[in-house]
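Worksheet for the structure shown next.
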Amino acid sequence: MDIPFVKLHGLKNSYIFVDLFQFQLEEESLAPLAIAVADRNTGIGSDGLILIHPSDTCDVGMRIFNLDGSEAMNCGNGLRCVAKYAYENNIVESDTFTIQTKAGQVEAQVHGTRAHVQEVTVDMGAPVLQRELIPMQGAPAQQVVAEDFQAGEEQLLVTAVSMGNPHAVFFVDNIDDAPLYTQGPVITNDPRFPDGVNVEFIEMLSNREMHFRVWERGSGVTQACGTGACAAVVAAILNGKAPYGEEVTVHLSGGDLFIRWEKDGSVWMRGAAEKTVSGTFHWERGA
Ligand SMILES: N[C@H](CCC[C@H](N)C(=O)O)C(=O)O
């Protein structure tokens, strides 16, 4: 099968995009295709697969699969890339439009020209904070803010936030000392998170700036995580480390995102999206 694709990334968090307005894929092929395209040796190399598809409820739809083939409900960097692709390829008319995700709909505004979108702002909607909806084991209606969390030898404090997908946020004094590679793979599969969890370590530089590292559910360490950056700013505000309603600069490995959380309202994410490669992926399923 020869599959047309475009590779785009949000701050080096890259995905292989297949445009289902132009090409059809069978549902059962999606998870194995995500694994195949993400492989840097036998595939194209990415953090996963994203489908751009027609939607009955929004101007365009997005589905996202991690590099292990698991499907996620949302993807912040992916949303900015979908918005860029949809506008540059005339899938949408206006520079502001809605995108359907498995977590619900979001509104995106592209910045740039029809020929080249440089940056995208996304209204990510309100975070979900009730423990049972993260989901995280424990008293259902409670929020999880700076709660004791033993991980191996590490005694940590966790703040849990869902942006449609689950995030466990930990504040550290020095980002370079964060137990990303030792505790990331353990916490992501911790049974206290029945659906697994994305794991973020944060060092606050001021009340408007932070360092950020992530171990993503289903993809491991990535260069950036848009929903994770949103969750990190929400967690900082819940812990009194950042203000409501003001843009916080999040320094991820792959670059900066600008995030604000309006009190009792939406989380807004602004950042770049770039296209790198397009072509045809020759795939013999099961080969
Ligand atoms: N690994 C995530 C999906 C990708 C999210 C991330 N790449 C982003 O930009 O938000 C999960 O399983 O929930």
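Every residue, even glycine, has its Cβ placed from backbone N, Cα and C.
Among the features that TrEMBL reports, substrate binding site is placed at N13, N66, G76, N77, N165, N198, E216, R217, G226, T227. Sequence-distant neighbours of N165 (substrate binding site): residues of the same chain at least 6 apart with a C-beta under 8 Å from its C-beta are A72, M73, N74, C75, A103, N198, R217, T227. In the three-state DSSP assignment, the secondary structure recorded for N165 (substrate binding site) is coil.
According to DSSP, C75 (active site, proton donor) is assigned to coil rather than to any helix or strand. TrEMBL lists C75 with the feature active site, proton donor.
Taken from TrEMBL, the feature active site covers C75.
According to TrEMBL, the active site, proton acceptor annotation covers C225. Look at C225 (active site, proton acceptor): DSSP puts it in coil. In sequence order, N13, G76, N77, N198, E200, V214, E216, L252 make up the list of same-chain residues 6 or more apart from C225 (active site, proton acceptor) whose Cβ falls under 8 Å from its Cβ.
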Set of same-chain residues at least 6 away whose C-beta sits under 8 angstroms from G226 (substrate binding site): G10, N13, C75, G76, N77, G78, L79, R80, V122, L257, M269, G271
Number of Cβ atoms other than its own within 10 Å, given for N13 (substrate binding site): 29
Max CA-CA distance, Å, over listed substrate-binding residues N13, N66, G76, N77, N165, N198, E216, R217, G226, T227: 16
Additional residues around substrate, ordered along the sequence, whose Cβ is within 8 Å of the centroid of N13, N66, G76, N77, N165, N198, E216, R217, G226, T227: A72, N74, C75, G78, V214, S219, T222, C225, G228
